[in-house]
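Single-structure report; data block below.
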Amino acid sequence: MSSSLTPERRQATTTSRKGRRLLTLLMALLSLILSSLANPLPIEGRSFPGGGSIANARPARPAAAHPGPLSRPVQVAAPAQAQAQAETTPADDTTNTNTNPLLPEQKYFHEPGYTEELSHYDTRYFTTPVPYDPHIVHLRHLIRSYLLMTSSRSLTTWLAHGTLLGWYWNGAIMPWDYDLDVQVSNSTLGEMAREWNGTTFDYVYTLSGQEEKEGLGKQGEVHVKKYLLDVNPYWAQRTRLEGLNVIDARWIDMENGMYVDITGLSEDREQKGTPGGRGTGVWSDKNFHGYGTRQIWPLRKTEFEGVEAWVPWDVEGVLKEEYGGRSLTGETWAGHHFDHGRKEWVKTELVKKTS
Ligand SMILES: *[C@@H]1O[C@H](CO)[C@@H](O)[C@H](O)[C@H]1NC(C)=O
Ligand SMILES: *[C@@H]1O[C@H](CO)[C@@H](O)[C@H](O)[C@H]1NC(C)=O
C-alpha cells in the first residue's frame, strides 16, 4: 500500500500563477515523500463532537451539510459501478486450479468467545473486555475514523442495523451497543479488497472540551489511534455457505480488538417484489437481510457522532422491517431510557436515582 494522504490546503487567493505552480510542484514532491514513508496512512480529524474540520487528500463530497436525522437528502445515485467495474476482471491467480481454495469453508474472522461479553472483539487484538464507561469512547472513535477514512477515499458506505437505529434516535451510538454496523455495495467491497485490504491507518484527533469534561484528557491534546481494514477473502463468494463468513470486512481498533462490521450488498435481479423493489431486484447481504433498491438509494447525507455520514433513503422502512415498529417509539431499552431533555439514552438506574 503506497498511496498517502496529505492535508488539502486552501491556497491564498493572492498567490501568483508562478507561485501556485511552484506550490503544486512542492505539494506533489511532499506527497511523494510522504507516500514513501506512509505506513500507516494518516486520517486526520479535529475536535469532536460537533463536526470539527477534517483534512483530507481528496476533496470532500459536494453540497452543504444537512446535519440531523431526516434532513433533506443530497442524492447519491444507485451504484452503476457494478457494471462499470465488471470489465476489470478480478485477479484470480489463486484460482488457476480446478479446486476452489475457499472450500471447505473456514471462518476468517475470529472472536475470543461466543458470549455477549467476548463476541465483540477481534481475537488478534483482544486482551481484555472493555468496561461499559470507556467502551462508548472507543466506539465513537471507531465510527468516526471509519467514516473519515471512507469519505476521504471516496468509498461509499452507510449506517446499518443497530448503528442506524442509534442514528434515528439522536445521531449517536446507543450506549448498550458493543459493536457497529455499516454496509457497502458489492462493488465498493471489491474496491476495499483490491486497494485497501491489510492497510493500517493512523487516526489523529484533538480532544474537545466535551471530552475533557468526560475525563478523557486535556482539551487540545493530540491523540493517535491505529485501525486496520481487513477484508474477508470470502467477500466475493456471495452466497451464505455455512454462514461462517457473513461479515465481509472489518475496521478494527488495534488497541483492543473492537470493530465495525462491514457487510456488502449485492443485487440479485432474479428476486423481485420486495418492498420498494419494483422489478429492480433485491440487494442482499449473506445473512438473510434484503432491501429493495429504493429502500437504500439515493442515500441521505447526514451526520453521525459529529462526522459526515450516509443513511438509506427509507430509514424507517428498513428499521421497521428489521426491528419492528416499537424500535422507533419504545423509550426504554436494554436498561436505558431515552431522555428527551438531553436527547440521549441514559441508564435507567441513574434516572431512578435522580427522580
Ligand atoms: C461483486 O463485485 C465483483 C467486482 O468487484 C464482481 O466481479 C462480482 O460479479 C460482483 N458480484 C455480484 C453478485 O454482484
Ligand atoms: C486481506 O489481507 C489478509 C492479510 O492481511 C489476508 O489474509 C486476506 O486473505 C486478504 N483478503 C483479501 C480479500 O484478499
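Every residue gets a Cβ built from N, Cα and C, even glycine.
Taken verbatim from TrEMBL:
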- 1-38: signal peptide (SIGNAL)
- 54-106: region 'Disordered' (REGION)
- 55-65: compositional bias 'Low complexity' (COMPBIAS)
- 74-105: compositional bias 'Low complexity' (COMPBIAS)
- 152-269: domain 'LicD/FKTN/FKRP nucleotidyltransferase' (DOMAIN)
Residue distribution over DSSP helix, strand and coil in the domain 'LicD/FKTN/FKRP nucleotidyltransferase' (152-269): 27 helix, 41 strand, 50 coil
Local confidence of the domain 'LicD/FKTN/FKRP nucleotidyltransferase' (152-269) - pLDDT mean: 95
